[in-house]
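Trainee: Sharing the feature lines straight out of TrEMBL:
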{"type": "DOMAIN", "residues": "1-171", "note": "domain 'Amino acid transporter transmembrane'"}
{"type": "TRANSMEM", "residues": "12-34", "note": "transmembrane segment"}
{"type": "TRANSMEM", "residues": "54-78", "note": "transmembrane segment"}
{"type": "TRANSMEM", "residues": "90-112", "note": "transmembrane segment"}
{"type": "TRANSMEM", "residues": "118-137", "note": "transmembrane segment"}
{"type": "TRANSMEM", "residues": "149-169", "note": "transmembrane segment"}
Amino acid sequence: MKNRERFSQVLLFSSVLRSLNYGLTAVLGYLIYGDDVQSQVTLNLPSGRLYTKIAIVMTLVNPLTKYALLVAPITSAIEERFSLMGSGPARVAVSTAVLVSTVAVACMVPFFGFLMSFIGSFLSVMATVFFPCLCYLKIYKAKGLRRVEVAAIVAILMLGAFVAVTGTYTSLLDIIGTF
C-alpha cells in the first residue's frame, strides 16, 4: 500500500461496500422471491435451467474443496501424537478414518444440521463480532477512544448479542423439535 496511514479508511470503505453489497443482495432477493424464500438459496432457482445446474454444482463443490483444509489440523495433530509424520500409508489411514468418522456422525446424529447451526450461531458471533470489538477496545484503550467509537462498538456488540441469542434460541428450538 502506497500510503499506510490510509489503511483504516480503506478498511472502513471496503467493509461498508461489502455490507451494502450483502444488504442489496438480500433486498433484491426478497423483492424477487417475496415470502416464499427457501432456506437453501439453490431451492429458489428455477428448475431445469442450465444456470441452476451450474449454481448447484458450484454450491456442492465449494464445501468439498474446503473439507480437506478444515480437517488438515485434526489429521496433523493425530499424526503428530502417534508419530506418523513420515509414514505414507498410516497418514492415508488417519485421513480416511477422520473422513469416515465425520460422515458417520453427520449421518447418525438426527439433528446434526441443527447442532452445527447452534454451534455456528454462538461461536461465529463470538469470533467475528465480540472478539474483534473487545480486542479493539483493549488495544486502543490507552490511546483514548472517542465517544463515537465507543458508541459504535457498543452498538455492534448489542447487535451481535441479538444475533447470537436469536440464532442460538432458534437452533435450540429446532433441536428440541427433533425429539
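Backbone N, Cα and C define each Cβ position, glycine as well.
How buried are the listed features, and what sits near them?
Mentor: Listed by sequence, the residues of this chain that lie at least six past the ends of the transmembrane segment (12-34) yet keep a Cβ under 8 A from its Cβ atoms are 44.
Same-chain residues lying 6+ beyond the ends of the transmembrane segment (54-78) with a Cβ under 8 Å from its Cβ atoms: 41-42, 45, 84, 91, 94-95, 98-99, 102.
Residues of the same chain lying 6 or more positions beyond the ends of the transmembrane segment (90-112) and with a Cβ under 8 Å from any Cβ of it are 71, 74-75, 78-79, 82, 84, 174-175, 178.
Long-range Cβ contacts of the transmembrane segment (149-169) within its own chain (Cβ-Cβ under 8 Å, at least 6 residues beyond either end) map to 117-118, 120-122, 125-126, 129-130, 133, 136-137, 140.
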Trainee: For the transmembrane segment (118-137), what are the same-chain contacts with Cβ under 8 Å, counting residues 6+ beyond its ends?
Mentor: 145, 153, 156-157, 159-161, 163-164, 166-168, 170-172, 175
